[in-house]
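Since the structure comes first, as structure tokens, the remarks are kept for the end.
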Amino acid sequence: MGQAGLVSGLQCRIPLTRNRELLNPVRFILRMMAIILWIPAGLIGVCLFPLLPLKWRLWMNHHWSRCLMWFCGVRIVVQGSPVMRDPVFWVANHVSWVDIFVLNSVRTTSFVAKSDIRSWPVIGWLVAGAGTVFIARGQRHAIRAVGEQMKQRFARGEVVGLFPEGTTSPGFDVSYFHTSLFEPAIRAGVDIQPVALRFYHRGTRSDRIAFVGEQTLAHNVWCLLSAGESVVEAEFLPLLDASQCQALGRAQVAERMHAAVRAAVRKGLEDDTAHAEDAAGRPEHKQGLVK
């Protein structure tokens, strides 16, 4: 492992350093206090969702997510042309639990997620209340039921989001896209838009807040809230329209989506070898939202 990998691997494990990457307990406390005050608003909103019109639910989810990211010190930079009105299937690379709220900050999105996520403290409750479509791990027959739920959301004009890698990564490359959940979107006749998420810290690409390996959620939250401002670029790439998707089939659609997202994620990496070493300095994957 090179020096870059060593630095990356230790940056969230050493409480005191001599450089500008010093973790700031004061910043962590202030941000955590703001989040603790903000989370009840989200939980109250989730309780009220069954009583509210769809338009209000979407508005609340969108603005609550934007505020949450602001409290976390995450600045979102949107590039490209996200589909903002019609139903669409967004597929993105997966780096952290914040990916969900980043995309919801652009437009309210119902994600397909592993059922394990439902049991996560606070985050699991919030994503469940926001209309997440849960799928049981290892149960192929569950895909049909998930497909029906996706179809219902598309019929209402909503966005459904998917992280087809099925796991998280440090954010410098993109793993294979699983194809099974592309089929419901293709059958529903909606456009599919790839999204590339790139994470920065102090102006450079970073895996500081990547939720990977054996890291706990609490540790990852510490890394996020105690750091300076984190920037997430969400690049919305050219979509494949419904007719193209139906002509290609799920395997080729997934292949094209993967190629587009991977090229965009790797954009701007001056030394791919150095970043490969950087990623090697940390465990490569964390259980993701869907496989």
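Even glycines carry a Cβ here, placed using N, Cα and C.
Quantities reported herein were computed from a predicted structural model and do not represent experimental measurements.
As written in TrEMBL, here are the features:
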type     : residues : note
TRANSMEM : 28-52    : transmembrane segment
DOMAIN   : 88-200   : domain 'Phospholipid/glycerol acyltransferase'
TRANSMEM : 117-136  : transmembrane segment
REGION   : 272-291  : region 'Disordered'
Spatial neighbours of the transmembrane segment (117-136) far in sequence, C-beta under 8 Å, 6+ residues away:
39, 42-43, 45-47, 49, 57, 61, 97, 100, 104, 108, 110-111, 142-143, 146, 149-150, 153, 160, 181, 217, 289-290
As a quick check of your reading of DSSP, tell me how many residues in the domain 'Phospholipid/glycerol acyltransferase' (88-200) are helical, how many are strand and how many are coil.
42 helix, 30 strand, 41 coil
